[in-house]
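Per TrEMBL, active site, nucleophile is recorded for Asp236. What TrEMBL records for Tyr382 is active site, proton donor. For His439, the entry in TrEMBL reads active site, proton acceptor. Sequence annotations record features per position, and here TrEMBL assigns domain 'Epoxide hydrolase N-terminal' to 58-170.
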Amino acid sequence: MKCLIVFGLIVALFGAFVGYGYVVFTDLTKPLPKPEFKDDTYWGPGDAKDFVPDDKIYEFKLQVPQSEIDDLRKELNRTLRLTDPLDGIAFEYGFNTYALAQFVDYWRDKYLTKWDERQELFNSFKQYKTEIQGLNIHYIHEKVSEEVKETKHVYPLLLLHGWPGSVREFFDFIPMLTKHSNITDYAFEVVAPSLVGYGWSDAATRPGFNAAEMATVMRNLMLRLGHKKFFIQGGDWGSIIGSNLATLYPENVIGYHSNMCVLHSPLAILKGIYGSFYPEKYLPNRFFVDHHFPVWDKWLELLQESGYFHIQATKPDTIGAALTSSPVGLASYILEKFQTCTNPGLQQDFGAIVTVFGLETVLDNLMVYYLTNSATTAARFYLENVSKEYRDLQLDRVQSPVPMGCARFRFDLPSVTDWQLRDKFPNLTHSMYFQQGSHFAALEMPAMLFNDFTAFVAKIGLHGEVRK
């Protein structure tokens with residue numbers, strides 16, 4: 001009799017444990033409602049009650065004083081006190097100091113001598129500034145010609161960059177989107193802002209400016225320009241911001257296209273672990289398995305390459321002080337990320353950056369950070385996005401009805417599968433795998449990104465309906 005009682009207790013306890021586990025699992029994995037979110041928070045200097053809004057739009061033109069270029073040249077002309085690499089080491093320990101010395105020589109002796117030409121390239125795009133929520137926001141705004149309007153479907157497009165990128169990433173991509181010569185039926189009125197705290201946009205003056213707040217400012221910029229509904233395309237932080245915008249303000253988004261499709265909800269993580277045991281079951285083709293699996297290897301890879309993330313998410317002002325006070329240090333820090341974001345076959349190659357991106361291109365991007373002194377303010381964005389305030393929003397668990405398109409480039413950060421992505425975007429309408437390319441898709445292979453983006457657009461109606 002005692003044995004039966006004990007057995008009954010064990011069964012009851014086991015049942016309670018299973019039941020409790022089910023409740024916990026359901027609570028952790030169910031979709032959450034969209035949170036209430038304030039869309040007019042003041043982020044500028046001083047007190048909001050003393051703020052006088054200015055909704056005017058001002059033309060912007062890059063005009064760097066020659067004295068600033070001369071000062072940079074003097075900085076780069078100082079004797080470099082660099083430590084030689086270890087024997088047999090290329091870039092395994094970080095950016096190779098032999099390569100760095102060559103970059104500095106080129107930057108000083110060749111690049112800066114043709115700065116007028118580089119500045120002219122920046123100014124070849126129509127640029128403006130306008131005040132949004134107390135912050136002066138810089139943006140490229142390229143419209144289409146009347147000829148294009150007569151022959152193509154024209155949509156507004158918000159293009160979003162990330163770190164350590166800038167609007168410079170889009171210089172080859174934008175003309176493909178706006179010109180009559182593109183072979184699709186679509187063209188785009190492109191708005192490409194410098195993110196808050198990046199480039200020529202103001203930085204927030206108080207803590208709390210996370211990706212949801214960034215999404216709000218970007219959405220309000222589009223409303224300021226008269227675009228109540230628009231497409232979004234983004235990678236890196238631009239992907240996170242675009243996802244947040246499509247989640248918080250779905251009524252304003254026709255479609256959202258990402259070239260960094262990540263999701264960190266509990267359910268997505270569990271599915272990733274489970275999918276490691278049956279990888280081909282959740283992919284359109286077995287050739288794409290190494291985009292996602294083995295998941296443990298992907299996590300290890302992220303751990304090895306995310307030291308900068310931990311620094312910027314904990315002590316951004318410390319690394320910022322080092323970078324803003326030394327152009328050579330800034331170059332080493334940023335160029336190392338571009339070196340890493342080539343592909344595994346080139347990462348140890350001294351010519352990888354030149355081969356994949358072009359020397360002038362990466363130096364243009366570097367100049368954006370140097371001229372605007374934005375290394376610190378850009379790094380702070382990382383800390384804001386690991387804060388409890390942002391994490392408590394749990395936006396990865398809030399579904400968005402917006403049509404979503406995903407482009408996965410082979411050597412980018414590990415993306416999630418469609419099986420995982422549909423938990424967040426049930427209206428996933430376009431999914432593509434590329435067996436080449438890396439993190440800076442708009443910079444490295446703009447034509448491929450353009451083809452994928454327009455293929456996504458072709459599946460979407462003006463108001464966001466999926467075309468059958």
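Heads up, the Cβ atoms here are built off N, Cα and C, so glycines get one too.
What TrEMBL says about a protein is an automatic prediction, not a curated fact.
Where TrEMBL records a feature, it is marked here on the structure.
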residue: Asp236; record: active site, nucleophile; Cβ within 10 Å: 24
residue: Tyr382; record: active site, proton donor; Cβ within 10 Å: 18
residue: His439; record: active site, proton acceptor; Cβ within 10 Å: 21
Rounded inter-Cα distance in Å - Tyr382 (active site, proton donor), the residue listed as 'active site, nucleophile': 12
Average model confidence [pLDDT] within the domain 'Epoxide hydrolase N-terminal' (58-170): 96
